Amino acid sequence: MATPVLRWCCPGRRWVFAGIGGVSRHGRGVPTGSTSSGKRGQSSVAQQPLITAQKPRKGEREWAAVVGLEIHAQIASNSKLFSGSQVDFAAPPNSLVSFFDASLPGTLPVLNRRCVEAAVMTGLALDCHINRRSLFDRKHYFYADLPAGYQITQQRLPIAVNGSLAYSVCVGKRRSQMVTRTARVKQIQLEQDSGKSLHDSLRSQTLIDLNRAGVGLLEVVLEPDMSCGEEAAAAVRELQLILQALGTSQANMAEGQLRVDANISVHNPGEPLGIRTEVKNLNSARFLAKAIDYEIQRQINELENGGKILNETRSFDYKLGCTVPMRDKEGKQDYRLMPEPNLPPLLLYDSGSLPPGTDPQQVINIDQLREQLPELPRVTREKLVQQYGMLPEHSFALLNEVGLLEFFQNVIKETRAEPKKVTSWVLNTFLGFLKQQNLAVSESPVTPSALAELLDLLDRKAISSSAAKQVTDVKKGNPRAINKLIGLVRRATLGRADPTVIKEVLERQLSS
Amino acid sequence: MLGRTLREVSAALKQGQVTPTELCQRCLSLIKKTKFLNAYITVSEEVALKQAEESEKRYKKGHSLGDLDGIPVAVKDNFSTAGIETTCASNMLKGYVPPYNATVVQKLLDQGALLMGKTNLDEFAMGSGSTDGIFGPVKNPWSYSKQYREKRKQKSHGKNEDSHWLITGGSSGGSAAAVSAFTCFAALGSDTGGSTRNPAAHCGVVGLKPSYGLVSRHGLIPLVNSMDVPGILTRCVDDAAIVLGILAGHDPKDSTTIQDPVKPFTLPSLTDMSKLCIGIPKEYLTPELSSEVQSLWSKAANLFESEGAKVIEVSLPHTSYSIVCYHVLCTSEVASNMARFDGLEYGHRCDIDVSTEAMYAATRREGFNDVVRGRILSGNFFLLKENYENYFVKAQKVRRLIARDFVNVFNSGVDVLLTPTTLSEAVPHTEFIREDNRTRSAQDDLFTQAVNMAGLPAVSVPMALSSQGLPIGLQFIGRAFCDQQLLTVAKWFEKQVQFPVIQLQELMDDCSSVFENEKLASVSLK
């Protein structure tokens, strides 16, 4: 302990938090749909479980792959982890940099209360043990976007440990059956993000943007409990939903708010684990699965050809679809970890241990945060299954798109149609339509009320199912679909109605 | 007027005997006359005169801000000062102008103090002589005192009198010299292993190292974060208490400062000595201790005893491990703290642009002196994965033991410890540089350094002149956060010993001869 001995001689010393206990920024309206949720309808390599599919060609050997993840989630907070600078992804370069962020000599870190609360809430949601006392460390390396020459992190005694993350993957012949798997959460630590380096090879210059330097990160370390890209992607997706439900991170992979490093190794079952490689900076769920499966296959090929696996850091070249060794991390790094001397131990309390007469603004009560936890995705899905008798995979699909669950619930509220029918309509017809148009739920031209009304008509048998589908087809912008509707009306009126009048009426109705 | 204490001159200002501008100008003119001491790196003349003008307006309106309003002060050049160059006496920060004030500087300015300038030091405060900065060594004003010169004349008849100038001690030697030579009434130093107390002892002034956590470090360019404390140099104990009262207290920008509110420090006069228990740590009686310091130390102990205090011998058994333990912890933190100086955001940057790494390497080689580079190198060695347990962790454990030694002693009923501050009086520069910085620091920090490991308050008070006519100080060490009690005892002692005032009249009347002999004083004064 380099933290001064004084700390124990001095009762009454309390944690100090950066002034503005920020409110999380909700709903910046960026749909996570396009890049990070695209499991539906995308057949990635991961769809084939590699390990079993791999038929041993040489020496009758079977291979097992082991995948562990380090997931960095940017904390949704107004200000940075140790400074009062604002956090904003879209701000002009170097416009959100405090003296501390630029590491001016003499500046000191002051811990942001909101970031600590986010870490505790995430820890609770992942069934972690929350350490009542945690410590900060300095991790040293020279890099242009790391102004202090070290990152403040929690290596030795992190804020939360020993949790678990339950996630589900599709199995079975038609991949329609959901199976729940669990990855152990080793730890959750608070740490600083780095700045960004922009390499201008034309002028052989590197430009540095420090806006991101010092933004609070939650590093969630998952034990190597996964065995292929699909599992890893599903685990990350579940974590993403949890973080978004908690509001602790926007967790948008496209904006770099969720970044994943994967530790990958292969071995023969029954033998010790193999040498692992680390594939860094995986910024989309699709590439995550691809990169991991590629790397597993590469390691198997390497070993089967008599080669060796090097303990190295690799990156994923998404254009070539393969992993390549990272040049600047070639040498073995010694991070020369040491305790951060400017931050006293972070103390957390529960209702039992809260010292009497303390200012609630100066302490964090774990029990109070536990009470404030919102419903987690797992519980929401269980409720859907119970309440509406829907299939588990349907409950997953409903939560997978931002706003879809709310849409579904609004339709349910307004229609007399069977929940099963609503589910099917929302997930197949409606979602299919959105995907085709590349729209987010919030951008849908079809309101929940409109769909509810349509389903009511269907329910009363006022229109047929195919007619209802035609209605949505017209809504989708298919002008020829209206001809089919005209045909249906003519048949219903036994050919007595004038087609042009029918068309006019229909168009008026459909555009309303 | 300049020879007065802060409290006296504060009273004179309030009574209108002198105006802030007059005071400021007199100090500025003395700074110029004593330029050869090399106490200041930057003299902030314009800023000080402007501040004096403002202060004068306040006095005229009868709205003075308090005891420090209109009082000239100096600040060690490792405290950030907005708009005023802050160099740490290093090429690395030459030309660096911080955009913000250190909390302690801001507090002084908020009280109306006049900032005369930034004082000299060892590069990044790494040293015990104030000899190892890029602006050259600081000279001890006592080298030019009547007291010392007369003694020297008796002994030697050498002609080259000035080549025997003495070091100030360090690393806050510039601040100690500035206060000692009457160019300001109080100065800020920093104290990591004795850097305030050591030069205070050599320059015959009071040097206070407050409890760790009592005074904000925000804006102090760090040496060892877990041991650094802003120090206070003044001409008497009461003055140190006034300044501490202003600086002490929680700072939201420094998470290691205490939360509890701090009351202003007023020092009562000690009356009932029988309730006081003074501890004499037996481990501090080392063979290297000069006989003169040793005899003054026992004389001081006897003084307390004869006045009714209880004086007992105590043991701090882990003292001998302190220096080596400090070496590991200090260099490790230095290696870490210095990592930010890469030439990118501020400070020196080399011309090499082959690659980022080459730029870092050349920048750091050009920017740091050998002492700093040496400490970075050994610190990084101690922090390597394979060495961490054997060096850093062990040193932390020893640190805990050292701190516990003090706790045990204080728990046994001791109120204050009495020790020497330094092994001997100040030595001539020629003698000092015979040993390297590391050896010197290890020797000179012997009595002061363990206090920083334990975070305790300590103060060096000048006691008497040596046979050579040079000041010798003794150190009092108090319980954590019992700074007021510590200063109360120090004040009583100060009153008893009646340390003589430095006689610089000759120097001030006739500095021209000194100037002519000076080549080293050719430091740019702004």
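Yeah, the Cβs are placed from backbone N, Cα and C, and that goes for glycine too.
Quick look at what TrEMBL lists:
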- B:LYS76: active site, charge relay system (ACT_SITE)
- B:SER171: active site, charge relay system (ACT_SITE)
- B:SER195: active site, acyl-ester intermediate (ACT_SITE)
- B:27-145: domain 'Amidase' (DOMAIN)
- B:167-487: domain 'Amidase' (DOMAIN)
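Features per TrEMBL, on structure.
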| residue | record | DSSP class |
| --- | --- | --- |
| B:LYS76 | active site, charge relay system | strand |
| B:SER171 | active site, charge relay system | coil |
| B:SER195 | active site, acyl-ester intermediate | coil |
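Calculated from their C-alpha atoms, the gap between B:LYS76 (active site, charge relay system) and B:SER171 (active site, charge relay system) amounts to 9 Å. Per DSSP, the domain 'Amidase' (B:27-145) is made up of 45 helix, 19 strand, 55 coil. Here the domain 'Amidase' (B:167-487) has a mean pLDDT of 95 out of 100.
Annotated pair B:SER195 (active site, acyl-ester intermediate) and B:SER171 (active site, charge relay system), C-alpha to C-alpha distance, rounded: 5 Å.
Annotation for the active-site residues B:LYS76, B:SER171, B:SER195: lowest Cβ count within 10 Å of the residue's own Cβ, B:LYS76.
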